[in-house]
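**Student:** Mind looking over this structure? Questions follow.
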Amino acid sequence: MTAHRRTVLAAVTGAAVIATSATLVRLSGEPAAISALFRCAYALPFLAILAWREGRRLGPMAARRRALAWLAGLILGLDLLLWHHSIDYVGAGLATVLGNLQVFVVAFAAWALLRERPPARLLVAAPAVFAGVVLISGLFDAAAYGSDPRLGVILGVATAPAYAAFMLILRGCSEEGRRSAGPLAHAVASATVLIALAGPRPGAAGLTPHWPSHGWLLLLALGPQVLGWGLITYALPRQPAALTALLLLIQPAGTLALSALALGERPSAVQLAGCAVIALGVLYGSRPERSPRTPPSRALDGGAARAGRPRPQARLGTPAGLAAAEEQEAQVPKTSTV
């Protein structure tokens, strides 16, 4: 398996695990602020162990990267609070659509700030996949709208840049792909503090752990928060940020499938069509760009002239550089000392 495919597989698997979030929250029966708080709090001990093991191998994180991770966590906590409350005001369908505007924010921010131009395939696939999200969301159902559409839209739109900023800042904490557990642990710790201060009021129902609600919240922490975001954090520095944002759009399709299996919900024909559009768009957008083939005659004529010329290397720290390094490592023959 190539480095590109391995990274895409990690991102897709992470997005699929994160797609279980909404179903687990519904099974817990807890309000939005409680579920947002405990999905982070229960994840912290497990992330701390992973970060400790990573630190023993790589040494402590630099103070600047720790500060960036805490900033990313504050933005993540804000994103979770905004999104959960937007569901209350405008309904889950439109809140899902507004939150997934992040794919466009990430693409343009990475282009403007990181000089990371999205591939042509990605520019074509992103609007198509977003259209699939709109079809899945139930936006065309009159019952999809909540009690205060105007406030809900404002909160929902605000989640998109918050989510995008979290992803891009977290990516910058990874030390060119060497770390994933440490930055995520610091970010989740920061998000936990923010949600605890701004979320549920003291004495609110659900703050005292009880069964089975907090069993579902524990699964929410171990699955989406630890495993899901762990895989996403691994993939972020190894491929264009816009591609990771595109792959995260498979979450609504995964949520729809899990709701049908676990909650007995029946998707409509429009929603199934949205799943198909997302699948086709992700398959198209995640394929690597092919370099133009050199005609055989030109390859033969110029081969001797280029024989002694060193091959240009991809710049270290970029997704292309990481992929090239992993490919080169995979091609080194293994020798035995026996």
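Here the Cβ of each residue, glycine as well, is placed from N, Cα and C on the backbone.
In case it's useful when we look at the structure, here is the feature table from TrEMBL:
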type	residues	note
DOMAIN	7-137	domain 'EamA'
TRANSMEM	32-52	transmembrane segment
TRANSMEM	67-83	transmembrane segment
TRANSMEM	89-114	transmembrane segment
TRANSMEM	121-145	transmembrane segment
TRANSMEM	151-170	transmembrane segment
DOMAIN	152-283	domain 'EamA'
TRANSMEM	182-200	transmembrane segment
TRANSMEM	215-236	transmembrane segment
TRANSMEM	243-263	transmembrane segment
TRANSMEM	269-286	transmembrane segment
REGION	287-338	region 'Disordered'
COMPBIAS	296-317	compositional bias 'Low complexity'
**Student:** Are the transmembrane segment (243-263) and the transmembrane segment (89-114) close, by which I mean at least 3 Cβ pairs under 8 Å that are 6+ residues apart in sequence?
**Tutor:** yes
**Student:** For the domain 'EamA' (7-137), what is the mean per-residue pLDDT, to the nearest integer?
**Tutor:** 89
**Student:** What does the DSSP secondary structure composition of the domain 'EamA' (7-137) look like, as residue counts for helix, strand and coil?
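**Tutor:** Helix, strand and coil residues of the domain 'EamA' (7-137) number 111 helix, 0 strand, 20 coil.
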**Student:** Do any residues of this chain, six or more beyond the ends of the transmembrane segment (215-236), have a C-beta under 8 angstroms from a C-beta of it, and if so which?
**Tutor:** 7-8, 10-11, 13-18, 20-21, 24-25, 27-28, 30, 34-35, 38-43, 46-47, 50, 167, 170-171, 174, 177, 180-181, 183-184, 188, 244, 247-248
